[in-house]
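As annotated by TrEMBL, domain 'Orn/DAP/Arg decarboxylase 2 C-terminal' applies to 18-361. Annotation comment: TrEMBL describes 35-270 as domain 'Orn/DAP/Arg decarboxylase 2 N-terminal'. Look at TrEMBL and you will find K48 tagged as N6-(pyridoxal phosphate)lysine. Residues annotated as pyridoxal 5'-phosphate binding site in TrEMBL: G227, E264, L265, G266, R267, Y363. The annotation substrate binding site is assigned in TrEMBL to R267, R303, Y307, E335, Y363. What TrEMBL lists as active site, proton donor is C334.
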Amino acid sequence: MFSDKDISHFTSLETPFYYYDLVLLQKTLSNCADAAKLYNFHVHYAMKANFNQKVLQHIKATGFGADCVSGGEVSKAIEIGFDKSQVVFAGVGKSDKEINNALDHDIFCFNVESIQELEVINELAAAKGKTARVAIRINPNVDAHTHHNITTGLDENKFGINSWDLPLCADTLRKCASLEFIGIHFHIGSQITNLDVYKNLCVRVNEFAEWFEERGFAVKVLNVGGGLGIDYHNPDQQIPDFTSYFKIFNDFLNVRPNQEVHFELGRALVGQSSSLISKVLYVKNGKKKNFIILDAGMTELMRPALYQAYHQIENISKAKLSSAVKYDVVGPICESTDCFGKEVELPETLRGDLIALRSTGAYGEVMASHYNLRENIQSVYSGE
């Protein structure tokens with residue numbers, strides 16, 4: 001991924017920093033857009049993955065909508081210039097302030113995650129003399145076969161309305177005069193690499209769509225969420241197979257005339273477009289372990305500490321053919337969990353070497369913190 005010119009440029013910059021390959025980002029976005037157009041599918045970008053200003057500008061320019069999970073994300077999407085008719089608002093804990101903000105912006109749809117939330121949105125919309133468009137997020141009890149911390153479609157998860165509550169949900173919708181039911185919504189998890197999982201989701205979507213249609217509700221929108229993963233172990237395999245992904249839904253969803261199919265993709269669009277570039281502060285050689293201590297830590301990349309996520313670690317100052325040594329690669333934060341990888345095989349590494357933590361475009365910069373009173377780090381972009 002990194003040319004000699006890139007690495008030479010990196011040596012002149014203060015570390016750590018996030019490096020964004022905007023050419024790769026645009027190539028990924030265009031690939032996804034072209035694949036979606038084959039079936040007239042609608043794509044919303046999951047802003048929680050990365051809300052870097054330049055990243056959002058590229059995504060907006062591609063024509064995608066925005067999938068938001070907070071009032072701040074709704075406001076940011078509108079500020080960047082996403083068409084409000086393509087902005088959806090999900091999340092289990094929407095505050096009254098956030099709901100009112102979204103109503104004022106007249107967004108496309110609220111993805112509603114509880115019956116009480118339906119009642120609250122109805123009440124707030126009525127107070128403004130508005131009608132809120134809503135889709136019901138249903139918990140389909142489909143196992144995404146991903147890390148348990150990023151699984152969202154099982155009965156024990158906090159997300160969505162369970163199937164046994166749907167009769168009460170339907171009764172509530174009929175009573176809420178300030179709501180317009182437009183469809184159903186699903187999201188079963190993140191970093192899904194087994195595409196067969198989506199076949200199981202399609203079966204459940206078809207069942208729930210029929211359930212609502214049989215009860216007199218017009219299901220105009222089938223929002224199947226996202227969750228498509230990337231290959232963290234092979235970061236140079238950069239663009240996910242969007243064509244195969246969308247084809248599964250085309251083949252297995254029962255789409256009625258005038259029904260729209262919507263997706264909410266995040267990681268798959270941005271994950272491979274960024275790396276965290278760090279510098280080696282110290283090398284500690286012990287009897288049983290060798291440590292590389294970086295100037296980047298869990299404050300810049302939380303995922304490994306949060307749920308033991310894997311990111312490929314590369315010494316970009318050294319040729320890969322150099323003799324290999326095993327290191328624990330750690331950060332400077334005063335936490336034992338501030339570790340990016342154990343027993344990582346790298347060329348013999350010295351103080352001042354540049355280390356790249358790959359595939360940080362999703363849930364990297366957005367999860368940064370000021371713990372230990374750490375400062376924000378800069379973002380650097382290809383071509384600049």
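For all residues, glycine too, the Cβ spot is worked out from N, Cα and C.
Keep in mind that TrEMBL annotations are predicted by a computer and have not been checked by a curator.
Feature annotations (TrEMBL) mapped to structure.
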residue	record	Cβ neighbours (10 Å)
K48	N6-(pyridoxal phosphate)lysine	21
G227	pyridoxal 5'-phosphate binding site	30
E264	pyridoxal 5'-phosphate binding site	29
L265	pyridoxal 5'-phosphate binding site	24
R267	pyridoxal 5'-phosphate binding site	26
R303	substrate binding site	20
Y307	substrate binding site	11
C334	active site, proton donor	9
E335	substrate binding site	14
Y363	pyridoxal 5'-phosphate binding site	22
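In three-state terms derived from DSSP, the residue listed as 'N6-(pyridoxal phosphate)lysine' belongs to a helical segment. Same-chain neighbours of the pyridoxal 5'-phosphate site beyond G227, E264, L265, G266, R267, Y363, judged by a C-beta within 8 angstroms of the site's C-beta center, are, in sequence order, A46, K48, A49, S190, G226, L228, A268, L269, A362. Within the same chain, the residues at least 6 positions away from G266 (pyridoxal 5'-phosphate binding site) whose Cβ sits under 8 Å from its Cβ are Y45, A46, M47, K48, A49, N50, D67, S190, G226, A362, listed in sequence order. Looking just at the domain 'Orn/DAP/Arg decarboxylase 2 C-terminal' (18-361), the mean pLDDT is 94. The two recorded residues, L265 (pyridoxal 5'-phosphate binding site) and Y307 (substrate binding site), show a Cα separation of 21 Å. For the pair formed by E264 (pyridoxal 5'-phosphate binding site) and R303 (substrate binding site), distance between Cα atoms is given as 21 Å, rounded to the nearest Å.
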